[in-house]
Amino acid sequence: MFSPADLFRAAVFSMGPESRARDSVRGPELSHREDGSGRTQEQDKPHCPCNHVLGQDCLDGQILGQLRPLSEEEESSGAAFLGEPAFPEMDSEDLRLASFYDWPSTAGIQPEPLAAAGFFHTGQQDKVRCFFCYGGLQSWERGDDPWTEHARWFPRCQFLLRSKGRDFVERIQTYTPLLGSWDQREEPEDAVSATPSAPAHGSPELLRSRRETQPEDVSEPGAKDVQEQLRQLQEERRCKVCLDRAVSIVFVPCGHFVCTECAPNLQLCPICRVPICSCVRTFLS
């Protein structure tokens, strides 16, 4: 069977629960069946003339818009080290990789290892966040290893511990310990956020510029309720056309979401009015 990523690269969107799909630009309908070996056979092949680079996936601008204005209060909401991911919408590595569609070409690292290590792009410069612990890093340099930096700065992340094991994390902590600490409430509003580079010896000021503020205990005064934030994100995932069903189709190139029932009837994005080149069915947890 074709995966959603395969259909996305082919500029094809789903037409429902049956094994049918349609090229959103030229319109020929596809169907497929499986033989005894489980292999899929195509009956028609569309030819999308879109100049958009389909290898660069798009994400919902509504959801990313919620992630961009990350204040210190939001970061101290306590989602980091709970047993559940802070942003389950990014649980899929494919969706995390899709968030790097506007990843700067000057960044010192490719998106694939970042997505594999649990990070998604926030849409700002080379800033990334872990979907599970909410830890953020930036200022990536050539030769940086995402797993190593994840273990260095956010060693209590459960996704990291399950993926790489406690021995790996302890080894990284032993060889590259964090030196110094600071009180988040004393940090200036315009402080530079994270970098995975090794911290300078014993300087809280330099450390402050090298890491996104690590979430603190949820009981700290002024901390926002994590569950309320997630509830608001769920509300953002409601289709803006019918205002009823949950979104499940993402438009290319704009990245906005609508539901499966509304998508086939649209030629322009109802949110930004950009012509729709293609659509892809998404599966959000």
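Backbone N, Cα and C atoms are what each Cβ position is placed from, and that goes for glycine too.
The Zn(2+) binding site annotation in Swiss-Prot covers Cys130, Cys133, His150, Cys157. Taken from Swiss-Prot, the feature compositional bias 'Basic and acidic residues' covers 19-47. Per Swiss-Prot, the feature region 'Disordered' maps to 18-47, 184-225. Here Swiss-Prot flags 96-161 as repeat 'BIR'. Annotated zinc finger per Swiss-Prot: 239-273, in sequence order.
There are 25 other Cβ atoms within 10 Å of the Cβ belonging to Cys157 (Zn(2+) binding site). Residue environment of His150 (Zn(2+) binding site) contains 27 other Cβ atoms, counted within 10 Å of its Cβ in all protein chains.
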